[in-house]
């Protein structure tokens, strides 16, 4: 087996097989909406969860764009097993 460079005429004979495994560490992603503490004191509304069809969801409104745009409403399913998040 030989190793050859694509841009120059260099050729090297391979004498042994080398295997390296590199497992990168994943960075911790911060919750954009403030984590679990941000959802502690929010109100709930009769909004159906698109994932589990539960009939209530917590909501909060945040200004994500410029001041002349309407606020974005973020929802979180009230069912503890689901906890699905979506926005409107």
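Including glycine, each Cβ sits where the backbone N, Cα and C put it.
A C-beta separation below 8 Å, combined with a sequence spacing of at least six in one chain, links residue 5 (Zn(2+) 1 binding site) to 11. Under the DSSP three-state reduction, residue 5 (Zn(2+) 1 binding site) is assigned to coil, being neither helix nor strand. Marked as Zn(2+) 1 binding site by TrEMBL: 5, 8.
The annotation Zn(2+) 2 binding site is assigned in TrEMBL to 49, 52, 77, 82. Cβ neighbours within 10 Å of residue 49 (Zn(2+) 2 binding site), excluding its own Cβ and spanning all shown chains: 20.
What TrEMBL lists as domain 'TFIIS-type' is 45-87.
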For the domain 'TFIIS-type' (45-87), what's the mean pLDDT in this predicted model? 90
Residues flanking the Zn(2+) 2 site, with Cβ no more than 8 Å from the Cβ centroid of 49, 52, 77, 82 and excluding those residues themselves: 50, 51, 53, 54, 57, 78, 79, 81, 83, 84
Taking the Cβ of residue 8 (Zn(2+) 1 binding site) as centre, how many other Cβ atoms lie within 10 Å? 7
Hey, of the binding-site residues listed (52, 77, 82), which one tops the CB count within 10 A? 77
Alpha-carbon distance [residue 8 (Zn(2+) 1 binding site); residue 77 (Zn(2+) 2 binding site)] in Å: 60
